[in-house]
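Beneath this line is the structure, given in C-alpha cells, with notes to follow.
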Amino acid sequence: MQVQNIEGSLNASGLKFALVVSRFNDFIGQKLVEGAIDCIVRHGGSADEITVIRCPGAFELPSVTRKAMLSGKYDAIVTLGVIIRGSTPHFDVIAAEATKGIAQVGMEAAIPVSFGVLTTENLEQAIERAGTKAGNKGFDAALAAIEMANLYKQL
C-alpha cells in the first residue's frame, strides 16, 4: 500500500483571482496589490485574469470577500489591507474583526481565501512589509492563493 500525497502547485496559468483590498492606508495597500499581481504573473498567470476589488477599509473586507466568493467568478481570493495601531483600542477591534471575518469566509468558501492584511504597530513596519526590508506580504498571500487554488482542484 502506498501513501497518497496531494499538494498544490505554484502554477497560476488559467486561474482567475480576485484581489480584495481596503483603501484605508492605500499608499501601502497599493504596494501589496502590486506585489500580488507580480506574484501571479511570475507564476504563469495573466493580468487579464486578475480583478482588483477595492472597499473602504479593513472592516469591510470580509463582506466584500464573501460577495466575490459567491459570484463564482474566481478560483481564489487574496485579501489585502493595512491596519496600523493608533492610540485608541480601535486597532484591536478592527484587526480582530477583519481577521475573524476573513477566516470565517474562508471556512465557508469552496475556493481558497488568503490573508494578506498587515497588522502593524507603526507605519515603518507596514512599509517594511509592503516591499522593502521584510519582503512584500501581498506577494506572499498571492503565492499561498496559487498553491491553494491548485490544491482545491485536486480535492
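Every residue, even glycine, has its Cβ placed from backbone N, Cα and C.
The annotation in Swiss-Prot ties Ala58, Phe59, Glu60, Val82, Ile83, Ile84, Phe115 to 5-amino-6-(D-ribitylamino)uracil, and of the candidates under consideration, Phe17, Phe24, the one tied to the same site is Phe24. Of the candidate recorded positions, Phe24, Ala58, Val82, His90, the one lying closest to Arg129 ((2S)-2-hydroxy-3-oxobutyl phosphate binding site) when CA atoms are compared is Val82. DSSP gives Thr88 ((2S)-2-hydroxy-3-oxobutyl phosphate binding site) a coil state; it is part of no helix or strand. When the recorded positions His90, Arg129 are compared by the number of other C-beta atoms lying within 10 angstroms of their own C-beta, His90 comes out lowest.
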